[in-house]
Amino acid sequence: MDTSPSLLKRGVAELIGTAMLVWIGAGTAAFNGVLSSDARHAVTLADVGVVSLAFGMVVLAMIAAFGPISGCHINPAVTVGLAVTGRFPWREVPAYVLAQAVGAVVGALGIVLVLGSAGTSVGNTGATVLAPGIGLVRGTLIEAANAFVLMTVIMGAAVDGRAAGRWAAVPIGLTVAGIIMATAGPTGSSFNPARTFGPYVVDSLFGGHVSWAQYPVYLIGPVAGAAIAAWVHDWVADFRVHAVRPPAEGRQTDHVGEPLR
């Protein structure tokens with residue numbers, strides 16, 4: 001008897017998880033922008049540290065909460081990376097990505113609920129943008145590198161059958177925080193197409209001024225980086241995928257392969 005959650009339930013888990021990621025993570029970035037504007041001082045490394053900590057903590061918490069249900073991808077790049085290597089069925093990718101996108105918009109609306117008009121007019125809804133002097137190609141490469149690092153940790157800590165299991169939330173959350181600390185300056189450090197999509201949509205709806213021309217950086221870069229990382233991990237670990245199935249209850253994510261002996 002199949003006891004795994006239905007696609008609908010897993011989609012709802014992805015929606016809620018992504019909403020919390022944006023509301024808490026991007027919301028902290030937006031609030032930080034409002035505070036910096038009020039105090040009239042430039043963003044400092046301490047400010048970036050607070051934002052990275054918020055993202056790391058919410059990722060850790062969401063993996064603990066929804067990992068056994070949906071795998072807690074909360075990132076289209078992760079979903080595609082798993083699908084590319086045969087660990088997630090392609091037929092379910094659209095449902096996951098749609099849930100993540102809707103969740104990101106819901107989370108961004110939560111930012112406006114908390115911060116009001118200042119959340120968009122000053123905090124830009126926590127939207128990620130390229131720093132002056134960072135072109136589209138360079139930004140895409142940075143975001144690809146960010147996603148490569150994240151996906152590498154996910155593959156090693158959560159996907160590999162020899163992995164840490166439920167403890168995977170800790171290294172993944174710490175990795176998210178570390179990546180943001182290192183690369184928030186040039187790109188805002190998204191490495192998640194949904195995390196950028198939600199704030200962009202809501203910022204636009206409420207009269208903000210984000211540049212959608214930059215969005216391909218946050219779509220192409222993370223998806224490419226995650227897919228490459230998943231493939232490289234399989235090659236390095238001599239990992240053979242032999243089946244694809246939805247996550248069963250109590251499992252962190254799909255274990256659908258084994259290392260070659």
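Keep in mind that glycine also has a Cβ here, set from the backbone N, Cα and C atoms.
The transmembrane segment feature in TrEMBL is assigned to 12-31 (among others). Tertiary proximity for the transmembrane segment (12-31) is limited to same-chain residues at least six positions away from its ends with a CB under 8 Å from its CB atoms, namely 5, 50-51, 54-55, 57-59, 61-62, 65-66, 69-70, 72-75, 96, 99-104, 106-108, 110-111, 114-115, 119, 123-127, 188, 192, 194-195, 198-199.
The transmembrane segment annotation in TrEMBL covers 51-74 (among others).
For 95-116 (among others), the entry in TrEMBL reads transmembrane segment.
The transmembrane segment annotation in TrEMBL covers 136-155 (among others).
Feature annotation from TrEMBL assigns transmembrane segment to 167-185 (among others).
The transmembrane segment feature in TrEMBL is assigned to 215-232 (among others).
The highest tally of CB pairs under 8 A with the transmembrane segment (136-155), across 51-74, 95-116, 167-185, 215-232, is held by 215-232. A Cβ distance under 8 Å defines the sequence-distant neighbours of the transmembrane segment (167-185), meaning residues of its chain 6+ beyond its ends; these are 48-49, 51-53, 55-57, 59-61, 63-64, 67, 131, 142, 145-146, 149-150, 153-154, 157-158, 191, 252-253. Remote same-chain partners of the transmembrane segment (95-116), defined as residues 6 or more beyond its termini with a Cβ less than 8 Å from a stretch Cβ, comprise 7, 10-12, 14-24, 26-27, 30-31, 34, 70, 73-76, 79, 88, 123, 125-126, 194-195, 197-199, 201-203, 206.
Long-range contacts of the transmembrane segment (51-74) within the same chain: residues 5, 9-11, 13-14, 16-18, 20-21, 24-25, 27-29, 32, 82, 88, 96, 100, 103, 158, 166, 168-170, 172-174, 176-181, 184, 192, 194, 247, 249-254, each at least 6 residues beyond the stretch ends and with a Cβ under 8 Å from a Cβ of the stretch.
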